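Sequence annotations record features per position, and here TrEMBL assigns substrate binding site to A:Met39, A:Gly187. Summarising the annotation, TrEMBL assigns ATP binding site to A:Lys115, A:Thr160.
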Amino acid sequence: MNNLERLRSENPLIVCYTNDVVKNFTANGLLSLGASPAMSEAPEEAEEFYQVASALVINIGTLTHENEEDIMSIGKIANDQGTPIVFDPVAVGASTYRKQFCKRFLEQIDVTVIKGNASEILTLIDSQTTMKGTDSDNSLDPIDIAKKASESLNAAVVITGKEDVIVQDQQIVKLSNGSPLLANITGAGCLLGGVVASFLFRNTQPSIEALIEAVSIYNIAAELAENEKHVRGPGSFLPELLDQLYNLDYATFEKYVNKEEVQS
Amino acid sequence: MNNLERLRSENPLIVCYTNDVVKNFTANGLLSLGASPAMSEAPEEAEEFYQVASALVINIGTLTHENEEDIMSIGKIANDQGTPIVFDPVAVGASTYRKQFCKRFLEQIDVTVIKGNASEILTLIDSQTTMKGTDSDNSLDPIDIAKKASESLNAAVVITGKEDVIVQDQQIVKLSNGSPLLANITGAGCLLGGVVASFLFRNTQPSIEALIEAVSIYNIAAELAENEKHVRGPGSFLPELLDQLYNLDYATFEKYVNKEEVQS
Amino acid sequence: MNNLERLRSENPLIVCYTNDVVKNFTANGLLSLGASPAMSEAPEEAEEFYQVASALVINIGTLTHENEEDIMSIGKIANDQGTPIVFDPVAVGASTYRKQFCKRFLEQIDVTVIKGNASEILTLIDSQTTMKGTDSDNSLDPIDIAKKASESLNAAVVITGKEDVIVQDQQIVKLSNGSPLLANITGAGCLLGGVVASFLFRNTQPSIEALIEAVSIYNIAAELAENEKHVRGPGSFLPELLDQLYNLDYATFEKYVNKEEVQS
């Protein structure tokens with residue numbers, strides 16, 4: 001069975017500690033795909049949730065001093081339970097506060113996948129970045145950034161952008177699906193973090209194939225949504241993206257996936 | 001005047017202390033129906049809000065140590081003001097933390113309606129339940145669970161599922177409207193809690209008829225939404241559900257309601 | 001270049017400290033319009049964000065004791081950085097708690113624009129208002145309220161209602177675009193606050209023309225959305241409003257704007 005069909009048959013529990021802006025959209029996106037999201041944030045119940053969860057998403061989009069320690073705690077509990085973590089360092093380059101938190105988090109917690117744009121991932125491994133909010137415009141090669149980040153942070157790395165780059169276990173792949181409308185809706189990247197988590201099935205050493213499936217299925221859904229005649233902007237794109245995630249099958253993924261292996 | 005028309009004419013203020021994932025959808029659902037939602041969470045203003053509110057919804061979907069005491073406080077203030085409470089013990093079976101909180105809450109606060117799936121309601125009256133997230137798959141008869149819960153917790157009970165069961169004042173009814181797509185969107189159950197609250201009109205002893213109207217109108221709206229030709233998944237179902245709640249009239253409720261009285 | 005085209009070319013960073021109910025919709029609305037929203041709430045990163053932000057929105061819709069001091073702090077930091085603030089005193093008339101907070105905030109922080117309905121703005125300058133939730137039904141003339149508020153609070157004032165009133169620098173204008181469906185979705189007014197902020201471009205003394213553009217473009221988008229054949233309620237109105245904000249151009253604004261200058 002391929003991972004998509006496994007996902008639809010197992011409905012894996014994905015716990016999301018994510019930002020306030022995207023909780024609803026992330027939950028609806030994961031439900032549309034076939035996963036079972038739970039936005040549990042209390043460390044008091046983390047152990048019970050993570051024992052049965054397929055993966056945990058940690059997204060720092062609305063980091064505050066009230067939730068810093070909770071995020072550290074749940075990260076440790078997930079590590080203790082062997083639950084894979086997808087880490088999304090949203091806008092880490094935008095403030096010293098975010099940079100310091102991410103540094104501390106990644107020093108103390110093992111993560112399975114780190115997902116971000118090139119600027120965010122670069123910030124995690126380099127202090128010389130400028131303030132760019134959540135967008136990336138760095139001129140460094142994303143493949144180089146992903147390779148360095150994967151090595152130094154000991155995790156699979158997914159860099160999103162016009163093209164996406166995945167590095168896992170010294171394998172590298174470049175993916176070219178997606179839609180420009182993803183940049184016009186909030187939480188597109190955050191939902192992708194949840195989608196990647198949905199393809200982990202408690203595996204802290206996922207194959208690059210599982211990550212390719214996750215990223216490509218999401219981007220192909222976006223591509224198909226954009227091409228629907230009734231989609232005329234971000235408003236109509238949003239529900240159509242959910243419908244595409246709901247209806248997309250493995251054959252469609254195979255038909256449209258646009259990937260290129262890169263020599264490491 | 002029937003309750004739906006009263007609702008549309010009075011636009012009752014429904015205060016919701018609900019989880020972070022569904023606040024927007026709950027507010028839009030209640031506005032579509034004709035109620036006036038207010039997501040006020042500060043105990044400092046609870047007395048002034050509850051004096052004029054038609055009902056209060058308390059939903060523990062994203063319970064944390066930061067909001068536990070606030071929920072206890074506002075529950076007491078609502079009781080002091082005679083404002084009916086609809087209590088939604090989301091995923092109470094998923095953690096000891098939730099179970100203990102709900103137990104404490106229900107010991108100290110009088111609630112008018114408890115709404116949940118069979119597994120959640122069973123957890124409130126029984127400690128031998130297994131971890132099931134927000135979904136129910138318990139094999140016990142929902143009618144038995146609802147009857148026991150209504151008696152032991154001294155409240156009307158609404159159990160949702162493929163069929164819904166309502167027990168109020170020793171009357172029992174089984175309802176069979178709804179759509180499977182409700183399981184593919186987040187907050188479908190949470191919004192139903194708000195809809196039930198919208199039919200209370202400050203009444204802490206509501207008639208079972210008012211509860212039937214609330215649950216059935218919501219489920220019929222979902223049924224009609226699912227049957228719209230342009231609905232092809234959770235994404236297109238969501239806005240259509242809001243439109244149906246906005247447009248549904250009492251005659252449509254009477255035409256489609258599927259209920260069965262059960263001997264107690 | 002007109003302000004709309006400038007906005008689309010510069011994609012100004014708009015930081016929003018807004019209520020939990022509307023974060024997602026506000027972010028999507030601003031992205032659709034062409035701005036770059038960031039829902040950063042940590043005072044620890046406020047200085048870095050506000051240095052590059054075009055404006056800050058502060059919306060007290062879900063004020064709690066946990067976030068009161070953070071709001072005061074970020075207001076001071078925005079003032080220190082010269083970043084204009086759009087202040088939205090949501091439901092300020094609904095509780096003494098909100099009234100006292102808004103009074104304290106406006107005494108200590110300079111704001112560039114205050115936006116609210118007539119009842120909310122009146123509450124800011126008068127203690128004799130009754131509890132009305134987020135809706136306005138005050139019989140006082142909105143023009144009088146706006147003039148007094150602008151003078152006493154030393155800010156531009158935008159009063160929303162069936163007709164909107166803007167007072168800035170002793171100029172007064174009445175606007176008559178919009179859609180009744182805006183009252184049936186949550187966060188319509190909150191998003192307008194963000195739209196106004198998107199037309200400020202770090203200007204703490206904006207021209208009344210910039211404010212007219214902001215309010216009218218939003219209302220014309222709503223008008224056009226309502227008139228789309230497929231819009232049959234709040235559910236279908238929501239995505240269509242985003243699409244209209246995305247597609248509306250300056251010529252459409254000029255064609256439909258309905259404004260009337262008022263002698264002061």
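Start at 1 and count along the chain as shown; that gives each residue its number.
Glycine is treated like the rest: Cβ placed from N, Cα and C.
A map of TrEMBL features onto the structure.
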residue  : record                 : DSSP class
A:Met39  : substrate binding site : coil
A:Lys115 : ATP binding site       : strand
A:Thr160 : ATP binding site       : strand
A:Gly187 : substrate binding site : coil
What number of additional C-beta atoms lies within 10 angstroms of the C-beta atom of A:Met39 (substrate binding site)?
21
Rounded Cα distance in angstrom between A:Thr160 (ATP binding site) and A:Gly187 (substrate binding site) is 13
After the CB under 8 A filter against chain C, the remaining binding-site residues out of A:Met39, A:Lys115, A:Thr160, A:Gly187 are A:Gly187
Counting Cβ atoms within 10 Å across all protein chains shown, which of the binding-site residues A:Lys115, A:Thr160, A:Gly187 comes out on top?
A:Lys115
Of A:Met39, A:Lys115, A:Thr160, chain B-adjacent binding-site residues (C-beta under 8 angstroms):
A:Met39
Round to a whole number and give the Cα-to-Cα distance in Å for the pair A:Gly187 (substrate binding site) and A:Lys115 (ATP binding site).
13
Would you kindly give the Cα-Cα distance separating A:Met39 (substrate binding site) and A:Lys115 (ATP binding site), rounded to the nearest Å?
19
